[in-house]
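Taken straight from TrEMBL:
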DOMAIN    69-99  domain 'SWIM-type'
DOMAIN    165-229  domain 'RING-CH-type'
DOMAIN    173-223  domain 'RING-type'
REGION    1-32  region 'Disordered'
Amino acid sequence: MEPTYPTAQPPSPPPRQQNHHPERRWSTTRYHPTQGFTDRVLRALEHRLLLLNRSDPNFYVLGATGNVYVVNVSTTLACTCPDRATPCKHILFVLIKVLGVSLDDPFLRRRTLRPSHVTRLLANPTSTDSPLAGYTLRERFHRAFFLQSQRDVIGGTTTTNAPSVVVEEGATCPICLEEMGSESVSGERLVGCGTCRNFIHEDCFKTWKRTQRRRSVSCVICRSRWKDIISRADHDQKYLNLAAYVQENDQHVAPQSEGSSTCRDL
């Protein structure tokens, strides 16, 4: 019987190393923009927004409804608009169309910036492609802003557009029956009915409102459904509105030379 010898087996290939890079995979998706952020970028690019004035670090932007919003470019990006999302479309408008930040720049996705980043951003001149408001509209803004600033200084911001209601001397609150004086003198806030135009102490009205429970709140005097004329006036005065002065030729006007007082500083 012939001896048998084991046949040589070819060497088995080394185990295939799996190239897993969870860190690399995570890094490519970490900064993927959300749909909300993308929508705000599109609104910043497509909506009718105009730059009224640049006074670093503040940028005065005319919104689509004619309201003037102030964008503050500092370590914490901020805007006076009612949108709670950060960055809002007005901040994105300033970064992209005024300061020329690229759409893929990580600055656009940040809520806070380092001081060095802020310095670098504000060193950028106003982009030549930025939609600057026309000369007439900018001059109208400067006059309105100056008047508003003057009223702030003398403490009369609510006197120009305030509703024509006057608290008569010796008038008493219909709830507490205490005498009501001027807010600036007594320090007590007052609210007024939009129907009968009578005043009530704000604290007294809150107490009256709680007694109504789930029912609609009515005026203590005229019993009509409550409409607060003071809150409406405050809402109207919260933003400077230039909608009445916006013309078609006020859009996309080429900016003036650097250093112009009408587009750079108030």
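Each Cβ is built from the backbone N, Cα and C atoms, and glycine gets one as well.
Automatic, uncurated: that is what TrEMBL annotation is.
In the domain 'SWIM-type' (69-99), helix, strand and coil residues by DSSP number 10 helix, 7 strand, 14 coil. The helix, strand and coil residue counts that DSSP assigns across the domain 'RING-type' (173-223) are 14 helix, 9 strand, 28 coil.
Averaged across the domain 'RING-type' (173-223), pLDDT for the predicted model comes to 75.
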